[in-house]
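Below is one structure, written out as structure tokens, with a few remarks after it.
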2 protein chains.
Amino acid sequence: MTVEITATHRLHDGALRYCKHVSASTGTPMKFTVWTPDGEGPFPYLVWLSGLTCTEDNFTTKSGVYEHAARFGIAIVAPDTSPRGEGVADDPAYDLGQGAGFYVDATQAPWAPHFQMYSYVTKDLLEAVDGAFPLDPARRGIFGHSMGGHGALTLALRNPDLFKSVSAFSPIVSPLNCPWGDKAMTAYLGEDRAAWRAHDACALIEDGAGQSFDDILIEQGLADSFLENQLKPELIEAAATKAGRKITVRRQDGYDHSYFFITSFIGEHLAWHAQRL
Amino acid sequence: MTVEITATHRLHDGALRYCKHVSASTGTPMKFTVWTPDGEGPFPYLVWLSGLTCTEDNFTTKSGVYEHAARFGIAIVAPDTSPRGEGVADDPAYDLGQGAGFYVDATQAPWAPHFQMYSYVTKDLLEAVDGAFPLDPARRGIFGHSMGGHGALTLALRNPDLFKSVSAFSPIVSPLNCPWGDKAMTAYLGEDRAAWRAHDACALIEDGAGQSFDDILIEQGLADSFLENQLKPELIEAAATKAGRKITVRRQDGYDHSYFFITSFIGEHLAWHAQRL
């Protein structure tokens, strides 16, 4: 799989590349960024999954992550949130279609042919970046925000062989139990809610997935307007308690759902992953 | 002058506000952001002036400054780069008109009535933020990027009573000696180049302005595509040497003109200002 580098910027004593490649899973070109520190590597790395409406650019320009990545010598990979472009299905709403892939493999029309973001991230993206950059696949973690927090949690829980650490900001912890989840999972996976369990962090914990994670760190702002209706971190705390698993939810007074929240705590998440990678 | 707060976000143990007020100088509504740390203050603060095409949002979302501002207890004010909106003159080019105020008071039609960014920043903005937020006017510095680096240098050199410290990223150091300057100063100030000297950092140093600054810090990327044709930091070094003044130009290998350069060194600039405020 060939990776085309469309732009390079020097950033915090390392190299940031904007990249493009063709994904076999989505059947489309896909974009992502990769930052590595100076040096030969191979470097431990974190995959960041973004939230609704984001491209590969939002986290790259707004998170302030690279200063901390440089401090810990951790590389960062940030993909787009869905296939895009002509011939790819879309919806006028911000929470479905392009920019809203939800990190699942769609089975329903019109989404099925291209919306294969679960396979894209876990196979095509990892294969591409591991092949093209000095990254250490044995020291790989994952994190994300909102829809991307859901993606990080579910991809990690299902693939503890691929990811050694996982954290999330303001994640959708249970698509089975919120309006965003209802809408997206119905559209992508169909009416049979049993099929949604493989993409629901709470259900995965109930079902015993990803036992090898010693802890999962969740950061949640208490002024987040989606907290009560969509995010509901108490559901994953309850699932963890029931399963005898450790999940740490840190509730932060006054912080909202924006990148201003993410950037305020991204350094602490890097430190947390650094201990595990 | 009433400041309307249009949005507030908690950010790095402080409060970020998006603000709007009416400027007597520009005769238009103007936008800016203000971040202050938690606590009563009054806080020392830095005014950031942005470059071509920017609004008050670019630095606010992309610079990563607030982590360092929190570390040093320094507040940050970031205004828009020009008046905007219906009834305000504009030009199709990115380097003239809305988004390109160049921090001068225009004397020429069609710019003169609204493009009064020198007076806006030095009078209306400072008066508004000092009145509305817990800021210490006696511990105020200024910095900026590109066109905003030009703004920071010229406003500080002309107003050492207003600003105790000044630094710049990739500044236009001499509008008299570059195409961006030629075009903007001709449009805003007219053909008489003598009138430009008050808005040219090199000329101001030649003319003895701002003697009280013990040092001026300039950060310049060596992979900046505007370096040779527009920025020319060697001109301000020569002017400083001739005037027996200290200016420190730090040249950084591989870095370009983007926010990825700014964010890589913003922490060091905050530390530098913190020593002086």
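Heads up, the Cβ atoms here are built off N, Cα and C, so glycines get one too.
Whatever TrEMBL says is automated annotation, not expert-curated.
Taken from TrEMBL, the feature active site, charge relay system applies to B:Ser146, B:Asp224, B:His257.
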Long-range Cβ list for B:Asp224 (active site, charge relay system), cut-off under 8 Å, min separation 6+ in sequence, same chain only, gives B:Ser170, B:Leu231, B:Tyr255, B:Asp256, B:His257, B:Phe261
Sequence-ordered list of residues in the chain of B:Ser146 (active site, charge relay system) that lie 6 or more positions away and have a Cβ within less than 8 Å of its Cβ, or none, is B:Gly51, B:Leu52, B:Phe169, B:Ser170, B:Pro171, B:Ile172, B:Phe226, B:Leu231, B:His257
Here the 10 Å Cβ neighbour count for B:His257 (active site, charge relay system) comes out at 22
